[in-house]
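What TrEMBL says about this protein:
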DOMAIN    5-148  domain 'Lactate/malate dehydrogenase N-terminal'
BINDING   G11, A12, A13, G14, Q15, I16, G17, N105, Q112, T129, G130, N131  NAD(+) binding site
BINDING   R92, R98, N131, R162  substrate binding site
DOMAIN    156-322  domain 'Lactate/malate dehydrogenase C-terminal'
ACT_SITE  H187  active site, proton acceptor
Amino acid sequence: MSTPVKVAVTGAAGQIGYSLLFRIASGSLLGPDTPVQLRLLEITPALKALEGVVMELDDCAFPLLAGVETGDDPNVVFDGANIALLVGARPRTKGMERGDLLEANGAIFKPQGAALNAHAADDIKVLVTGNPANTNALIAKSNAPDIPAERFNALTRLDHNRALAQLAAKTGSTVNDITKMTIWGNHSATQYPDVFHSEVNGRNAAELIDDQDWLESTFIPTVQQRGAAIIAARGASSAASAANATVDHMRDWVLGTPEGDWVSMAVPSDGSYGIAEGIITSFPCTTAGGAYNIVQGLELNEFSRAKIDASVAELQGEREAVQALGLVE
Ligand code: NAI
């Protein structure tokens, strides 16, 4: 067996962690031939609960799990990490303004970016799931000047997967029949799920549906509001599906996307599609050999352009807010 890949997970004792760790240790992330060492970060008061999770990991006797380290110091936990899944974040509590939320998360993602910069392995890949994910990723990236910027991604794969499920239900197909789904923008209610380039069994999805009203008044809001719908139904936010999407994103980044398809990844903009450089926003991406490329040359109709611009404007506003707080340059 090969050398274990070191996978750091933050917020490891939380809801998403409780699903995510077991998927990673069972081989869902890196495949059946790659052993993993888990490096789990929590805040001090949650270390006791984390101990219980680690006991359960032990009790699964996962053949691929080569070890588990836990702690509350990112400088220790991120040591030698090849992959970092940043899940732990500060949720918005009642009465909290956006500025307070960004500041509270800056206090988490700034030191974590610096710790990754100082201690992670040279091939580190970072995926931020903790909300506000895009801007948290921007903060971590800005505080890790020695790590190539493109190694910082944020999660919009859950939105992508939600859109696949909705489109499959509408067209009487399965998710296996659908390719080229795209989420553009922020992982927030302004995100834009775009089916104008999607295909259902090789046929253009928008033409097949031929129902702009359904797209505007049902599909897009359903995907945008799905997180809130799950909280309303379950009394807690999506956890298993968020863990699954975190696995999907990182697995595809490491192992590659299938020929003829792409996935949605929030990555630092290189100016593609006229989107402001540097913000971390969702694009259609293909991956191969551990690197991703933003799909180029898609024609955007006026409707799509306006939706993308609105979500990007929100992200620019978030960037300005964290710049004003001194969290990013
Ligand atoms: P949770 O509250 O159950 O767990 C979060 C954990 O993070 C807690 O155990 C907490 O102690 C820990 N934590 C807080 N600060 C930390 C720090 N500085 N270092 C290490 N750990 C820290 O929350 P849950 O349900 O697991 O969600 C985690 C995050 O994921 C939330 O921000 C949530 O909004 C976000 N999320 C993102 C989705 C996406 O698609 N991008 C989807 C669903 C959730």
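Even glycines carry a Cβ here, placed using N, Cα and C.
Structural mapping of features recorded in TrEMBL.
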{"residue": "A13", "record": "NAD(+) binding site", "Cβ neighbours (10 Å)": "24"}
{"residue": "Q15", "record": "NAD(+) binding site", "Cβ neighbours (10 Å)": "16"}
{"residue": "G17", "record": "NAD(+) binding site", "Cβ neighbours (10 Å)": "25"}
{"residue": "R92", "record": "substrate binding site", "Cβ neighbours (10 Å)": "15"}
{"residue": "R98", "record": "substrate binding site", "Cβ neighbours (10 Å)": "12"}
{"residue": "Q112", "record": "NAD(+) binding site", "Cβ neighbours (10 Å)": "28"}
{"residue": "G130", "record": "NAD(+) binding site", "Cβ neighbours (10 Å)": "24"}
{"residue": "N131", "record": "substrate binding site", "Cβ neighbours (10 Å)": "22"}
{"residue": "R162", "record": "substrate binding site", "Cβ neighbours (10 Å)": "23"}
{"residue": "H187", "record": "active site, proton acceptor", "Cβ neighbours (10 Å)": "29"}
Message = For a Cβ distance below 6 Å to any atom of ligand 1, name the binding-site residues from R92, R98, Q112, R162 that qualify, or say none.
response = none
Integer Cα-Cα distance in angstrom, G130 (NAD(+) binding site) to H187 (active site, proton acceptor) = 10
Request  = Taking the Cβ of G11 (NAD(+) binding site) as the reference point, list residues of the same chain whose Cβ is under 8 angstroms away and which are at least six residues distant in sequence.
outcome  = G17, L41, E42, L86, V87, G88, A89, G130
Ask   = Going by C-alpha positions, which of the recorded positions (N131, R162, H187) is nearest A13 (NAD(+) binding site)?
value = N131
Inquiry  = I need the nearest neighbour of N131 (substrate binding site) among the recorded positions Q15, Q112, H187, using C-alpha distances.
reply    = H187
Query = In the domain 'Lactate/malate dehydrogenase N-terminal' (5-148), how many residues does DSSP call helix, how many strand, and how many coil?
reply = 65 helix, 27 strand, 52 coil
Key: DSSP three-state assignment (helix, strand or coil) for R162 (substrate binding site)   = helix
Request  = Please tell me which one of the recorded positions listed here (Q15, Q112, H187) sits closest to R98 (substrate binding site), measuring Cα to Cα?
outcome  = H187
Query = Per DSSP, to which secondary structure element type does H187 (active site, proton acceptor) belong, with helix, strand and coil as the options?
reply = coil
Remark   = Among the recorded positions listed as R92, R162, H187, the Cα nearest the Cα of Q15 (NAD(+) binding site) belongs to R92
Remark   = Averaging pLDDT over all residues of the domain 'Lactate/malate dehydrogenase C-terminal' (156-322) gives 97
